[in-house]
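S.K.: Just passing along the structure, written as structure tokens.
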Amino acid sequence: VGFKAGVKDYKLTYYTPDYETKDTDILAAFRVTPQPGVPPEEAGAAVAAESSTGTWTTVWTDGLTSLDRYKGRCYHIEPVAGEENQYIAYVAYPLDLFEEGSVTNMFTSIVGNVFGFKALRALRLEDLRIPPAYSKTFQGPPHGIQVERDKLNKYGRPLLGCTIKPKLGLSAKNYGRAVYECLRGGLDFTKDDENVNSQPFMRWRDRFVFCAEAIYKAQAETGEIKGHYLNATAGTCEEMIKRAVFARELGVPIVMHDYLTGGFTANTSLAHYCRDNGLLLHIHRAMHAVIDRQKNHGMHFRVLAKALRLSGGDHVHAGTVVGKLEGEREITLGFVDLLRDDYVEKDRSRGIYFTQDWVSLPGVLPVASGGIHVWHMPALTEIFGDDSVLQFGGGTLGHPWGNAPGAVANRVALEACVQARNEGRDLAREGNEIIREASKWSPELAAACEVWKEIKFEFEAMDTL
């Protein structure tokens, strides 16, 4: 017979500790929890096999191809400190296994069937190294950080946003009114909530029209460029593009997409449309916690963030470190840097398993959003720096005097923090003092400080990994 039938251990073919990784390989770091009795080498090799060329038994057609050329390889395994029976398995994939310019195809292989594999109790993809040879096949973000600043004519500070609440139930007219008040007060952007699409109480076209009116009115009054993230997410790709086309016809600067619920194929199409038509693209990460919240299973958000930079988006939500949603400081800053820098060194203390060279792919602005208010402003300015979007939903609309004064309070707090930082003051230590000083000459800020003063913010405590 031409080949040897039967079942053999994965590790005989797919565990190759001597392998030297190539510059063109896609590298993955998996956190593997094997079932009792399964050795880690076998588990790591099984992951490499099932996410590349392998199947459960030797097949006749293996002889018609070159496994050595196409197989994934588990090239290193290390135990996870402090965890029983958990290992980091490093897997290298040859570039030819992936379709060019398709995040969808990359994920279908790397995080496809293998996650349901019986020999594993749990599996988590912690990080991916995307080689320039692959990232160069993607358009990436429609515009990137610098082009966005030029389009908006806003420099030297973080941008300010606000999600319009209540997220569901407002009519289009009242929704537009809320947008106008926030923009007039000094915000750069307002935002559709991620689940505002086109519901019976407010159809998308009506919302787009009233929000555009609000933008133009606020621009005329303030002399600043304003935007509202018009959510183009829809039930079909065709409908999504139709909404983006209408936004372009209205002349607004930015649209929005829920990239995980909408899917990577839809997102990449929208990103291409946005670059071709001069629209900025704001990305919301609804559903990410379903994938990334469990420590031992799923995918870390840094992988979803890298995937978004490939697929395309100019802003993406990235946790706050300080608000109501989860996000540890060093780890968050790790993937924030992966979003906006060209070159990020391997640094295990920040959860970065591989050095990532993005070459010239545009960067993405991280968005801090969720339970933040004026007392957080010094910390946010310090942690995220200038290249970020700070979004205060309740922290704007919850102001006792209304939306516009709420917006004023946030803008004054931000400008005060930026000025203090530029004068060399330590925002971590003097943050509360800086806000108090500014509130002496801004009654709007003083009122905001009073409302949220009980919600204490301890800056030092967040500094642990």
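Glycine too: its Cβ is placed from the backbone N, Cα and C atoms.
For Lys4, the entry in Swiss-Prot reads N6,N6,N6-trimethyllysine. Residues or ranges marked as substrate binding site in Swiss-Prot: Asn113, Thr163, Lys167, Arg285, His317, Ser369. Sequence annotations record features per position, and here Swiss-Prot assigns active site, proton acceptor to Lys165, His284 based on sequence analysis. If you look up Swiss-Prot, you'll see Lys191 marked as N6-carboxylysine, on the strength of sequence analysis. Residues annotated as Mg(2+) binding site in Swiss-Prot, with sequence analysis given as evidence: Lys191, Asp193, Glu194. The site 'Transition state stabilizer' annotation in Swiss-Prot covers Lys324.
Context for these features, please: burial, neighbours, distances.
M.R.: The Cβ of Lys4 (N6,N6,N6-trimethyllysine) has 7 neighbouring Cβ atoms from other residues within 10 Å, across all protein chains displayed.
Counting only same-chain residues six or more apart in sequence, the Cβ atoms lying under 8 angstroms from the Cβ of His317 (substrate binding site) belong to Ile283, His284, Arg285, Pro366, Val367, Ser369.
In three-state terms derived from DSSP, Lys165 (active site, proton acceptor) belongs to neither a helical nor a strand segment and is classed as coil.
A sphere of 10 angstroms centred on the C-beta of Lys191 (N6-carboxylysine) encloses 28 other C-beta atoms.
Reduced to three states, the DSSP call for Lys191 (N6-carboxylysine) is strand.
The DSSP secondary structure for His284 (active site, proton acceptor) is strand.
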S.K.: What's the CA to CA span in angstrom from Asp193 (Mg(2+) binding site) over to Lys167 (substrate binding site)?
M.R.: 6
S.K.: Across all chains shown, how many C-beta atoms besides its own are within 10 angstroms of the C-beta of Thr163 (substrate binding site)?
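M.R.: A count of 24.
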S.K.: Sequence gap of 6 or more, C-beta under 8 Å: which same-chain residues meet both conditions with respect to Lys167 (substrate binding site)?
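M.R.: Expected: Asp193, Asn195, Val196.
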S.K.: Which of Lys165, His284, Arg285 has the fewest nearby Cβ atoms, counting only those within 10 Å, among these recorded positions?
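M.R.: Checked Lys165, His284, Arg285; of these recorded positions, fewest Cβ neighbours within 10 Å: Lys165.
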S.K.: Looking only at Asn113, Ser369, which of these binding-site residues has the biggest number of Cβ atoms within 10 Å around its Cβ?
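M.R.: Neighbour-count leader: Ser369.
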S.K.: Return the residues near Glu194 (Mg(2+) binding site) by Cβ distance under 8 Å, restricted to its own chain and a separation of at least 6 in sequence.
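M.R.: In sequence order, the residues whose Cβ lies under 8 Å from that of Glu194 (Mg(2+) binding site) (at least 6 apart) are Asn231, Thr233, Asp258, His284, Ala286.
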